[in-house]
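Novice: Starting off with a structure, shown below.
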Amino acid sequence: MADRAARPSTDEETAPLLQNVSHPDDSVDEPPQRSFLDRVAAVVQEPLSPLTKLLLITTIVFLLLSSIFVGLFAGAQHKLNAGEGNGGGGGKATVTLTATATATATATATTTSTSVSTSTVALPAPVPTTPPQDLACLTPGCIVLASSIISSLDVTQDPCDNFYDFANGGWMKAHPIPSDKGSFGTFESVAQQNRRVLQDILSSTSSSLSEATAPSFDQQILKKLRDLYSSCMDENRLHEIGVEPLAHVTNTIRKLYRGDTLSIDSVDDESKHRQRLTAALAYIHSRG
């Protein structure tokens, strides 16, 4: 059996199987074209989605606003054209007058040259504009203090080279170190002065004005201190009495503590021992 050649392709193979035709040679009917009204009716009949409703409401609002603005603009334009100040409809034409003013200005250019020169001027020393408020202290205490400060300086020394000797040289010359001390300063000097003042107060027999106006208790205390100091400094009287005052105190303490007996082996009860010890301590306390 001889080989058969392939059949050429035709348009009928790609055509749909079902056709609304009465004859194969008839052409396919095209769908009819719908009118604009049909399309609008189809859109209106479709259910509205939320987005469509929102767009529809927005469009209606914009249309209302546009109509309001157009009406206002038309009314304002009509008032401008009719002329509110002319009585409306008078038939008078509007005359516009234009005034033109011409001004002529003349500009003058001025050239300024500046020269700078520098010179050094010595200013005078500043002086007080007002007198000082506080006057210098001229009381005896201020004068003595100023004198002590000046006397403590050694003006022969240069303060830029040796400030210590300049500030303390005069004081060190007036206060040499004692032979029994390794150092001596202002604190030791003040302590010496205080001891001398106390010695003068205790050794003095005449009362000053401040002592006379002092309270009675202060006068009694000062009198006792002076009596004690004078009794300690009376060396002749101390040599005469010897150890008699000390022996009297010792014997009294012994009698109060031991009683009349001199035996160490004597035994007393505890209550008597406490009483004698208390009496001895009270006597020592009374003697200071």
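Quick reminder: no glycine exception, Cβ is built from N, Cα and C everywhere.
Sharing the feature lines straight out of TrEMBL:
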- 1-10: compositional bias 'Basic and acidic residues' (COMPBIAS)
- 1-33: region 'Disordered' (REGION)
- 54-74: transmembrane segment (TRANSMEM)
- 159-288: domain 'Peptidase M13 N-terminal' (DOMAIN)
Novice: Looking only at the domain 'Peptidase M13 N-terminal' (159-288), what are its DSSP counts of helix, strand and coil residues?
Specialist: 91 helix, 0 strand, 39 coil
Novice: Return the average pLDDT for the domain 'Peptidase M13 N-terminal' (159-288) as a whole number.
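Specialist: Looking only at the domain 'Peptidase M13 N-terminal' (159-288), pLDDT averages out to 84.
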